[in-house]
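Data first, discussion second: the structure below is written as structure tokens.
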Amino acid sequence: MSYILALDQGTTSSRAIVFDTTATIRAIAQREFRQIFPRPGWVEHDGREIWATQVGVAAEALTRAGISPREVRAIGITNQRETTLLWDRRSGEPLHNAIVWQDRRTAELCDRLKADGLEPLFRQKTGLVLDAYFSGTKLAWLLEAIPGARSRAEAGELAFGTVDSWLAWNLSGGKLHVTDASNASRTLLFNITTLDWDDELLAILGIPRAVLPRVVDSGAVYGETAGDIFAAAIPLAGMAGDQQAALFGQACGTAGMAKNTYGTGCFLLMHCGTRPIESRHNLLTTVAWQLGGRAEYALEGSVFVAGAAVQWLRDGLGIIRSSGEVEALAASVPDSGGVCLVPAFTGLGAPHWDPYARGTIVGITRGTTAAHIARATLESIAFQSADLLTAMEADAGISLAELRVDGGATANGLLMQFQADLLGVPVVRPRISETTALGAAYLAGLAVGLWRDRQEIAGHWQVDRIFEPAMGREQAAELRGRWGRAVERARGWAAP
């Protein structure tokens, strides 16, 4: 039998998963690595540690699966997006720690660019908002902060990359300096219409083209592993950012299909076809993937606090001992008793984008119990996701037929049922929850002919459970109206 090795490089750990030709998981290996916080608001990773943990778990997964590298048809890479590295092309050594997507050190630069009236230009070309979250301003900071870096970059001595590029460089022994279009579209430097680095944006940020990777398809044979890494040369054949890979792994391959990943936060993506849609509701437009030189696009929105709100019930309020207890506690009451909890602990993301919003609980009476607070917390995850989906439907002009879900919180049946009730469409949980790694495996497998086409891949996608909406639309509208009033009370609370 043939196998695909998926490398899933995340924010807190590096993982490797071996899939067989039926898309069944044969082995998983995982290692955490250090989070580095040099100053408040700064978040870094050691690029060497990312590489060491990733290659380590790859070897471990092959051992656990009981297979040799010669049986691996291809490697697919998926990664934490936006995290920025700069390294020496000759030595392969990073010049600085990786600047992580969560890092806010370039917020002032973004504010200056906005004050200069440049946000509409960036938005129109990249589909993104001008925010420190994305890679472009992080790279500009590195070129400015490291002595001599800009002149060395101009001379072609340095290489920039997001984590996919860094892994491909190391896996190929320094032969490949590439990124796929889905990762490139998260940099603030890539024009999502021309599918190329944008010279006007590069000039604004002072970034030389010579430092940038070549942009490639999300599924294609780019090269192979260097001889001393595994006991065989394995084709490197798939790359995609983690959320786009999850969309592919969920077989959301046609316009209007959507997936929501429920984790610490939520990431919701809707496939919107072969043309980018400019959002009118503060959503991001991104490349979903590029195959055969042709891009497909998605609308994306983020919920900052989802599972993190349940952690707060445990660690902050102490009303549960473990996150797993929240469902039983919330289910012990028939509803939230009129309580709304808006978990805007770090502001609100799309479609509101209000950094000054703060957490709010409204509707409390003497009859309110810990169970009502727990239920309102779970419901807040579904309300925030519903707000995003409504905005996406309006932007795309498409009515959602179903929502495919993944991530740890999908094990919570009460949450999934309430999500279906609010949306009025089925919520579908797949049998394989490792959809991010599966998406990378599918992209690589397609490139080497392990699977014929995307129709065959869609045939492998299997349902674990479908949550059908059971609430009347009038009641759902009433609940969403009440939620909207609660959000208004949370907004602007910490404004100067």
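Numbers run from 1 along the shown chain.
Backbone N, Cα and C define each Cβ position, glycine as well.
Take the ATP site that Swiss-Prot assigns to T11, T12, S13, G307, Q311, G408: the candidate from T261, T264, T365, T368 listed for it is T264. When Y133, Y222, Y297 are compared with the glycerol site residues R81, E82, D242, Q243 in Swiss-Prot, the one appearing in that site is Y133. When secondary structure is read from DSSP and collapsed to three states, R15 (ADP binding site) falls in the strand class.
Counting other Cβ atoms within 10 Å of each Cβ, the lowest count among the binding-site residues S13, Q243, N412 belongs to S13.
Neighbouring residues of the recorded glycerol site, listed in sequence order and excluding R81, E82, Y133, D242, Q243, comprise Q80, W101, R186, G241 (Cβ within 8 Å of the Cβ centroid).
Proximity to T11 (ATP binding site), judged by a C-alpha distance within 10 Å, picks out R81 from the binding-site residues R81, Y133, Q243, N412. Each residue contributes its Cα atom, and for N412 (ADP binding site) and G307 (ATP binding site) these two points are 11 Å apart.
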